[in-house]
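Lifted from TrEMBL, the feature list:
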type     : residues : note
DOMAIN   : 13-100   : domain 'Endoplasmic reticulum vesicle transporter N-terminal'
TRANSMEM : 34-55    : transmembrane segment
DOMAIN   : 165-334  : domain 'Endoplasmic reticulum vesicle transporter C-terminal'
TRANSMEM : 316-342  : transmembrane segment
Amino acid sequence: MRRLNRKQTLKVVKEMDAFPKVPESYVQTSTSGATVSILSFVLIGILVLSELIYYSETSMKYEYNVDTELESKLKINLDVTVAMKCESLGADVLDLTGNSISTQGSIKEDSVFFDMTPQQKRWQRMVQTVKSSLDKEKALQHLLFKTGFSSKPTAAPVSSGHQRNAPTANACRFHGTIEVNKVAGNFHITAGRSIPHPRGHAHLSAGINTKDYNFSHRIDHLSFGDPVRGIINPLDGEEKVTQSTMQMFQYFIQIVPTRVNTRQAQADTGQFAVTERERVINHDSGSHGVAGIFFKYDLTSIMVKVTEERQPFSQLLIRLCGIVGGIFATSGMLHGFVGFLVDTWMTRVRGREEQFSNHMPSPTQLPSQDIPLQQLDREFPEQESPLAVNLLSADR
């Protein structure tokens, strides 16, 4: 009984087979079928290879959320060279709450030459070319995130033809990182050293002749937050040259907190947009102010989250199965349809040939005509007439 039950169970299972096997004796191969199979295999290979390449690539996902991290600090990373000696300049930060933050100890000052070396000029041109291309094609930012293009201060090569800290240096380089409160503020470089003041801050510029002022400057790097590879900052590689001694340069910066999570970097940084303004200070004409370089920054309440994502492996398998099964099914249908059209056309052609042959008369039904011998002799004067040839062959 158990054996019978097993046999019946196996029989029921076999009947449920959705892929019945066709005996080889019933299978008929053809040249057209082989050609379609080869083309199908080639197409499957190409599409599978393209899917694998697409799977190896990543995409950037952008999310926008409200920035709730108000208690955290904001880093200002800069590398700015001013065409004045270091002893005549001072740099500090004044935020919206009235706190004055000194840059001593966090921002280094080096006596350098304002003129750039050939290497620095090439680096500057390269950064400006990338920035101009980024303005025309925003999708380039995805590639920069993936490749991790760097525009950090160290990317600008050091002047090789001059000695650093030389007494004849005519410029001062401010570089380093300073942490400030995450509120709007004003980072500036102007004449004179900054001194504490009960109502804010001031710069002591006594003893500095205004004729010696020269706020021509070069911004090799300016960023906010952790430096991240793949972000090109709007002011990197910028250079301003002025002939006026009382020139004010203002940069109004709007910072967007950004959290980057890619294969190249995982950090909290800040992207920003900038509006530039410059004017000559002339109190007689009503243009008041202080000559110098001012970076006025503010933060938005929106945080951008940039995440590098890869296609799930399960989705890759589904797409590969769809490619293989779809091409086999479609090629089989096309081959059968084309074969049907060819068979139909050949059947019609053969039918017409048979119909034409049935209406053709037989040689015995052709009408006979008696041709006189004289006419044949005239038509074939130097040859034996066809009738004579036939008669001779008949006699033989």
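Cβ coordinates come from backbone N, Cα and C, glycine included.
Just so you know, TrEMBL annotations never went through curation; they're auto-generated.
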Exercise. Near the transmembrane segment (316-342), which same-chain residues lie under 8 Å Cβ to Cβ, leaving out any that are not at least 6 residues past its ends?
Worked result: 32-33, 36-37, 39-40, 43-44, 47-48, 51-52, 55
Problem set entry | Tally of DSSP helical, extended and coil residues in the domain 'Endoplasmic reticulum vesicle transporter N-terminal' (13-100) | 35 helix, 27 strand, 26 coil
Seminar exercise, completed: The mean pLDDT across the domain 'Endoplasmic reticulum vesicle transporter C-terminal' (165-334) is 85
